[in-house]
Amino acid sequence: MSSGKYRQQEIRAPRGTTLTAKSWLTEAPLRMLMNNLDPEVAENPNELVVYGGIGRAARNWECYDAIVDSLTHLESDETLLVQSGKPVGVFKTHENAPRVLIANSNLVPHWATWEHFNELDAKGLAMYGQMTAGSWIYIGSQGIVQGTYETFVEAGRQHYNGSLKGRWVLTAGLGGMGGAQPLAATLAGACSLNIECQQSRIDFRLRTRYVDEQADNLDDALARINKYTSQGKTVSIALCGNAADIVPELVARGVRPDLVTDQTSAHDPLHGYLPTGWSWEEYQQKAKTDPEGTVLAAKKSMAEHVRAMLAFSDMGVPTFDYGNNIRQMAKEIGVENAFDFPGFVPAYIRPLFCRGIGPFRWVALSGDPQDIYKTDAKVKEIVADDAHLHHWLDMARERINFQGLPARICWVGLEWRQKLGLAFNEMVRSGEVSAPIVIGRDHLDSGSVASPNRETEAMQDGSDAVSDWPLLNALLNTASGATWVSLHHGGGVGMGFSQHAGMVIVCDGTDEAAARIARVLHNDPATGVMRHADAGYDIAIDCAKEQGLNLPMIAATQGKH
């Protein structure tokens, strides 16, 4: 690693109501930055890595210290600018402006490659922010559990008459994102076999109850799968090994899963996908001494993995890419038909995006789990007639361990986000919860990302690669008064393949917060409805009309203003 990226230090966000910074609007980003590096949350906190290969919260430890110092002293009418994990300026703005504006990993398109980025990273000039690592709103694996759950449920509806009972999912990767898969499969009613090449990550998921058991070897894993599926039980099984070896072996044995996907860190071949025959230590060493050879070896292994996934697809097994760009990596190494199986968004999620539905999340800055349980109840009260959502909240409370500050993920859309945010703000005002709440989301949302191999794959108008939309989303959230706004490149699928934006808003119980919340939590999901309506999706056009959006080029929305 470059100098300054390693420091052995245990970081945990402050709890309670005593401020370190000058107001809750600066205390909130300070606590969430620290929470991203909590050892219960981050994958490799000593190197500032939160999740997703090398997704960091700050460029180096010197930058981290400077961010903390800046946030601690930031005034209520100042804005901190963060450039690829480095605090570069504090400017006078106004009290309703964002307190922090973040730009991470952005490169001019011609130079937007891993090779160029890695050169800059080695010089200390850049940082990979993933999506929520560098934007300080990562909440551990819970952040993707419901999205994965919704995907598996929809796959069961489409392929298995609405039930995954007695069926099993084959997948790989138990990192910060992939670690959600076993629990999501369990909650969706399926067993799962989860391949992971690092024992430490399996241990982490066992400890946090995201995975139930570990098998000793492939034969043992298959025996357990056969036993549990025949009994109609839902048990998740981890297997330590290399997916590029094990998935082809399953094809060779004629084993037939019921769903096949993958969430290894294939988006980053230099840091995130172990070549076959290599130990993890060897991989890390060769990444430094022979990066080109390492990338080639990783991509060759990905090619074998994808060929096996294609074989399952050819058998008629529902097979889909879960957004890690493994198909692209395989295609670059010669697997011309790598895109013969779809990504999860066009296959299962896009109708939700058309209504602005996506990963709404909130965090109790108090550190008190009771604050989250009270907000769970408030969501049920407000969204009273959504049995599916209520079921999710019940399962989340029962099965999901909080990592770091207590948090909740809950997929809701344009119709509800503003109402929920205002209700949470009122709970802070009345003292029903003990401290302010922050509301954010993944950058994987309906209007905040352009990613042709993931969120915007196979758009019906062909606009997959148009990245004006996340830029407009970030600009509108800034104008609307979000507490911090981020604009990133390369999250999820790697350099050159995505641009995306994030926002976080603080509910501190004030009238001023209520006004900001009303703007931000309407406008943010509305950009998703707008983006899909512009692409011609009837569901989005109908939603825009129902919600009174003013979209000048969409005739159905005119005449109501």
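The backbone N, Cα and C atoms fix where each Cβ goes, glycine too.
Record features, source Swiss-Prot:
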type     : residues                                                                          : note
BINDING  : 52-53, GLN130, 176-178, GLU196, ARG201, 242-243, 263-267, 273-274, TYR322, GLY492 : NAD(+) binding site
ACT_SITE : CYS410                                                                            : active site
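Features recorded in Swiss-Prot, as mapped to the structure shown.
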{"residue": "GLY52", "record": "NAD(+) binding site", "Cβ within 10 Å": "29"}
{"residue": "GLY176", "record": "NAD(+) binding site", "Cβ within 10 Å": "30"}
{"residue": "GLU196", "record": "NAD(+) binding site", "Cβ within 10 Å": "29"}
{"residue": "ALA243", "record": "NAD(+) binding site", "Cβ within 10 Å": "29"}
{"residue": "SER265", "record": "NAD(+) binding site", "Cβ within 10 Å": "27"}
{"residue": "TYR273", "record": "NAD(+) binding site", "Cβ within 10 Å": "30"}
{"residue": "CYS410", "record": "active site", "Cβ within 10 Å": "20"}
{"residue": "GLY492", "record": "NAD(+) binding site", "Cβ within 10 Å": "26"}
(message) Whole-number answer please: how many Å between the C-alpha atoms of GLY176 (NAD(+) binding site) and CYS410 (active site)?
(response) 18
(message) Rounded to a whole angstrom, what is the C-alpha distance between TYR273 (NAD(+) binding site) and the residue listed as 'active site'?
(response) 30
(request) Measure from the CA atom of ALA243 (NAD(+) binding site) to the CA atom of the residue listed as 'active site' and give the result in Å, rounded to a whole number. (result) 31
